[in-house]
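Q: Here it is: the structure, laid out below.
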Amino acid sequence: MAPRNHFRHIHVATPPALPSSLPSLPLFFFPGRKANTMPFLLLPFSPSLLPSRAFACTPNPLPFNSHLIMSLASNLISRPDECRQARCHTVPGLSAEEVAAVSEEAFGRHSSPDLKRNGTGIAIMWFRNDLRVLDNEALIRALAASDAVLPVYCVDPRHFGTTHYFGFPKTGAFRAQFLIESLADLKKNLMKRGLDLLVRHGKPEDILPSVAKALGAHTVYAHKETCSEELLVERLVRKGLHQLAVCEGESLKHKPVYPKLQLIWGSTMYHIDDLPFEAKNLPDVYTQFRKAVESKCSIRSCFKLPASLGPLPGSSLDEIGGQGTIPTLEQLGHYEKKFERGIHFVGGENAALCRVHEYFWKTDMLRVYKETRNGMLGPDYSTKFSPWLAFGSLSPRYIYEEVKRYEKKRLANDSTYWVLFELIWRDYFRFLSIKYGNSIFHLGGPRKVMIKWSQDQSLLESWRDGRTGYPLIDANMKELCTTGFMSNRGRQIVCSFLVRDMGIDWRMGAEWFETCLLDYDPASNYGNWTYGAGVGNDPREDRYFSVPKQAKTYDPEGEYVAYWLPELRALPKERRNFPGQSYIKQVVPLKFENTNQRNDHAKRGNGRRNNMHLG
């Protein structure tokens, strides 16, 4: 049976050059109280005027057309005998029959016919970054507290605006397509179980109160987020619901009642309520955090599903505009083109469950994860779970339970533990974003470190487009722009190069990653970039990744760079990463040219490896 591949083709093109000068006074808006009074408050940017990470609206953003989101790598056709992994790989790569079987088995193991519902009235389930049915506590709570649930997803236009400082598109084509597929799959899984997904285009603070009022819903359930944009939306939704207050009965003496917003914690492997300390007292060193939670905390079990999730509210949804439609890629500002290279991910919960099955059970790659995780080429050197984790299509607790099931049925070793080790890193960045709040987005980071950074546009362009003259850097950036993905090792190398060797403002790199990455989430992305830039919460961090040493260690025969830079394929393997005049001129010298210095700093960088993503 041919591999399943329903991933639509997305067009990516080369963005224009950056302007000669960056906008000096970008404007930021905060949603006003009423759409019909004062919708936006415009403020000139100043750190003192920006109490939280605001949705940005720049008067003169860098000219990245939303149709021209990412650089198009060379349109190449490689021969199998010249370079390994020369074709596209769809992840997961299972047949339609396998997909159906894996999904049915996973849902079967996490369902219980004995679960009963005792609630009354109507509840709304507000889906955000939790696009799944399995192990979705907010959904389970909504089901338990009502006799009818309406699932809702809001396509918030602010997610498709521009980034805060440098005007890059907030959501690139690959992530937009992944969202579309994730919503379609969520709708399918809900419909199989008696519900449906209401899709509305607009701001949640406008949509949810309106729907709640029309249906007479008593509660809106959702999973809580940790970063400032998301927290702002939560506050605005709560305020909008509060304004629906009505008095019960004829007497004004009765207390007013209104729909409530019930926020549930559900994005981490370790529950925040089970930590041995409050978030404000979180250790600033990851190892201290890890040892504390491993020794003092347990991981909660995945939630079981009832046999049926229905019914939908009896009220006619036609009165509020019907179920709505999932947006097309074109409606989100992007258009399509055939994929030709790299790894391409299928969005949705079913794809996520299949990837776990494929990596753990079908290919048995889990047993060697620790040995292969620093690879850069191919679909199976690492788990590739990160896009589904970022969208919430996959629960970290589900991964934990599958690891434990694998250890029981096959084996337990360093590799099985290391997947959980990486999930703890992910948890750590989530909790850090609570402790340090908006400072993870500020230039000086959580520790307010004063470093003089450059915003040289030509250097940024060369890094962004993969034209630095260093093959390992250029190959990684080509992969990012062509697929929306980059290995964990690659992310650390290109981050170090941008901030250490180029001296470029780390926020430029973080915002470009925000544009491009399939697996973008603010806590992990900005947490990792502050680490890489030396402004993170850990005062010991001063990491430098030597490009030559990384190339010799992780791409010794130049297979990775030859895959993404075909002009280097004809060179001897040992020269592909060191091509000299056979390649474009290097745009900057490396910070540490001396071999001993280079090796020492590379060891420092490798010793305390943090996690850019669980890839």
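Including glycine, each Cβ sits where the backbone N, Cα and C put it.
Since we're looking at a predicted model, the values are computed, not measured.
Just lifted these from TrEMBL, have a look:
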- Y369, 382-386, 422-429, 519-521: FAD binding site (BINDING)
- 604-615: compositional bias 'Basic residues' (COMPBIAS)
- 121-260: domain 'Photolyase/cryptochrome alpha/beta' (DOMAIN)
- 594-615: region 'Disordered' (REGION)
- W453: site 'Electron transfer via tryptophanyl radical' (SITE)
- W506: site 'Electron transfer via tryptophanyl radical' (SITE)
- W529: site 'Electron transfer via tryptophanyl radical' (SITE)
Q: Going by Cα-Cα distance, which of the recorded sites (W453, W506, W529) sits nearest to Y369 (FAD binding site)?
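A: Closest by Cα distance to Y369 (FAD binding site) among the recorded sites W453, W506, W529: W529.
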Q: Tell me which of the recorded positions W425, W506, W529 sits in the most Cβ-dense spot, judged by other Cβ atoms within 10 Å.
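A: Top count of Cβ atoms within 10 Å goes to W529.
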Q: Could you give the Cα-Cα distance between W529 (site 'Electron transfer via tryptophanyl radical') and Y520 (FAD binding site), in whole Å?
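A: It is 12 Å, counting Cα to Cα.
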Q: Could you give me three numbers for the domain 'Photolyase/cryptochrome alpha/beta' (121-260), the DSSP helix, strand and coil residue counts?
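A: Helix (H, G, I), strand (E, B), coil: 59 helix, 30 strand, 51 coil.
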Q: Just to be sure I understand the packing, how many Cβ atoms besides its own are within 10 Å of the Cβ of Y520 (FAD binding site)?
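A: The answer is 23 other Cβ atoms.
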Q: Do me a favour and check the Cα-Cα span between E422 (FAD binding site) and W506 (site 'Electron transfer via tryptophanyl radical'); whole Å is fine.
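A: Given the Cα positions, E422 (FAD binding site) is 23 Å from W506 (site 'Electron transfer via tryptophanyl radical').
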Q: State which of the following recorded positions has the fewest other Cβ atoms within 10 Å around its Cβ: Y369, Y428, W453.
A: W453
Q: Going by C-alpha positions, which of the recorded positions (K384, W425, Y428, W506, Y520) is nearest W453 (site 'Electron transfer via tryptophanyl radical')?
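A: It is W506, whose Cα lies nearest.
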Q: Measure from the Cα of W506 (site 'Electron transfer via tryptophanyl radical') to the Cα of every one of the binding-site residues K384, W425, Y428, Y520, then give the nearest.
A: Y520
Q: On average, what pLDDT score does this prediction assign to the domain 'Photolyase/cryptochrome alpha/beta' (121-260)?
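A: Per the prediction, mean pLDDT sits at 93 for the domain 'Photolyase/cryptochrome alpha/beta' (121-260).
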Q: Measure the Cβ-based neighbour count of K384 (FAD binding site), defined as the other Cβ atoms within 10 Å of its Cβ.
A: 24
Q: Taking 10 A as the limit, how many CB atoms besides its own sit near the CB of E422 (FAD binding site)?
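A: Taking all protein chains shown, E422 (FAD binding site) has 25 Cβ neighbours within 10 Å.
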